[in-house]
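Quick notes on the structure that follows.
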Amino acid sequence: MIQHIRKFLQLESASGILLLTFAMFAMLFANTPLKDLYFDFLSMPVSIQIGLFSIYKPLLMWVNDGFMAVFFVLIGLEVKREMMVGAISNYQRAIFPAIGALGGMIVPALVFTLINNDSPEFQQGWAIPMATDIAFALGVLGLLGKRVPFALKIFLLALAIIDDLGAIVVIAIFFSHELSTTALISAAIAIAVLIIMNRMRVTAICAYMVVGLILWASVLKSGVHATLAGVIIGFCVPLKGKNGEEPLAHFEHLLAPWCSFVILPLFAFSNAGVSLAGMSLSTLFSPLTMGVALGLLVGKTLGVFSFSFLAVKLGIAQLSEGINFKQIFAVSVLCGIGFTMSMFLAGLAFGGDEADGQFISLARLGILIGSGISAVLGYYLLKLCTMPNIHINNLSK
């Protein structure tokens with residue numbers, strides 16, 4: 001039994017499968033007699049107090065502001081590694097996925113805004129379809145195994161990473177609330193300490209965790225979204241130590257399984273529970289639901305593919321050897337899997353009063369529809385365009 005579990009966890013698609021499973025459990029709980037237990041569990045208050053400092057939040061907020069900050073540490077580590085030695089480490093490597101990612105942020109936001117042009121109460125959700133869920137998208141890609149060209153995997157990974165950078169900028173600029181000067185000063189001091197540790201090539205991960213915890217608490221109290229602390233921590237961990245150690249890689253390997261198999265499934269379970277009670281066709285076709293769903297399915301596909309295509313045709317970028325535009329189109333569809341990142345942005349966009357709670361449900365429904373169709377359609381398109389030549393020849397006879 002243990003051996004079977006180990007084999008499953010080693011699969012490229014394991015994290016995506018686990019995310020989907022926990023999301024389905026959330027939908028099951030939210031639409032059965034267990035729904036009161038589910039929602040009461042998420043609203044259960046949890047508090048931490050150290051001297052005069054205290055944080056009092058419902059469990060759902062601890063998941064979204066606390067555990068997700070750990071996930072953003074991993075994002076920061078991955079982005080830094082890829083920028084320094086990986087898929088986006090120089091202009092030639094970065095420009096093609098960067099342009100695709102730019103289209104994948106601009107066009108979905110435009111699609112959402114156009115659909116919600118006459119619904120001002122929904123317009124603050126414009127950023128929801130901008131994000132790509134790295135774990136889910138790579139999980140679907142992993143289902144096809146070695147038949148997917150390595151260059152295509154790198155393109156998707158680099159694009160999703162740049163996409164996340166864009167989401168981080170959006171969170172920092174548009175989703176910060178009233179700012180606390182004292183907390184910001186505390187956060188600035190913590191950042192300064194992290195930078196000094198980086199310059200001194202401190203390799204003790206526990207030191208970054210302690211200072212990072214202070215930074216997270218300060219950012220949380222400051223009014224800036226706490227997950228940004230995670231990104232800063234990730235960027236401050238050095239790639240190399242004084243004696244050749246690799247603290248960044250070590251920290252990344254330490255966090256990756258926890259994020260993939262604990263934090264993200266927990267986030268999915270906490271946020272994917274959409275009650276369908278009282279929903280009708282008018283709910284399904286509400287501007288908010290349709291804006292999010294079509295932003296992910298249509299906006300992402302058109303944005304990523306059209307910008308990538310034009311970049312090559314205009315001579316700005318080059319297609320990597322071994323991949324073609326059919327495969328780029330299929331991957332563009334996969335980029336419409338927003339799921340966890342889109343759920344996260346929905347919580348930030350509509351995180352206020354009771355009406356906003358109803359808006360979150362509509363947005364989540366759109367995310368589930370758009371991400372689900374993108375995953376299935378993207379998988380079959382990619383399967384078709386990576387099919388061995390012998391199969392294609394047989395089909396053409």
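Every residue, even glycine, has its Cβ placed from backbone N, Cα and C.
Pulled from Swiss-Prot:
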{"type": "TRANSMEM", "residues": "14-34", "note": "transmembrane segment"}
{"type": "TRANSMEM", "residues": "36-56", "note": "transmembrane segment"}
{"type": "TRANSMEM", "residues": "59-79", "note": "transmembrane segment"}
{"type": "TRANSMEM", "residues": "95-115", "note": "transmembrane segment"}
{"type": "TRANSMEM", "residues": "125-145", "note": "transmembrane segment"}
{"type": "TRANSMEM", "residues": "154-174", "note": "transmembrane segment"}
{"type": "TRANSMEM", "residues": "177-197", "note": "transmembrane segment"}
{"type": "TRANSMEM", "residues": "204-224", "note": "transmembrane segment"}
{"type": "TRANSMEM", "residues": "254-274", "note": "transmembrane segment"}
{"type": "TRANSMEM", "residues": "292-312", "note": "transmembrane segment"}
{"type": "TRANSMEM", "residues": "328-348", "note": "transmembrane segment"}
{"type": "TRANSMEM", "residues": "365-385", "note": "transmembrane segment"}
For the transmembrane segment (328-348) against the transmembrane segment (125-145), do we get 3 or more Cβ-Cβ pairs below 8 Å once near-sequence pairs (under 6 apart) are dropped?
yes
Under 8 angstroms for C-beta pairs, at least 3 of them, ignoring pairs fewer than 6 apart in sequence. Is the transmembrane segment (14-34) in contact with the transmembrane segment (254-274) by that rule?
yes
Positions on the same chain near the transmembrane segment (36-56), where near means CB under 8 A and six or more residues out
26, 29-30, 62, 217, 220, 270, 273
Counting Cβ pairs closer than 8 Å, which of 59-79, 95-115, 292-312, 365-385 has the most of them with the transmembrane segment (204-224)?
59-79
If we skip the immediate neighbours and take only residues 6+ beyond the ends of the transmembrane segment (59-79), which ones have a Cβ under 8 Å from one of its Cβ atoms?
41-46, 161, 164-165, 168, 212, 216, 220, 225-235, 237, 248, 251-252, 255-256, 258-259, 263-264, 266-267, 270-271, 344, 347
The transmembrane segment (95-115) touching the transmembrane segment (365-385) per 3+ Cβ pairs under 8 Å rule:
no
Long-range neighbours of the transmembrane segment (95-115), counting only residues six or more past its ends (CB under 8 A)
87-88, 123, 125-130, 132, 155, 158-160, 162-163, 166, 287, 290-292, 294-296, 298-300, 302-308, 310-312, 316-320, 328, 332, 335
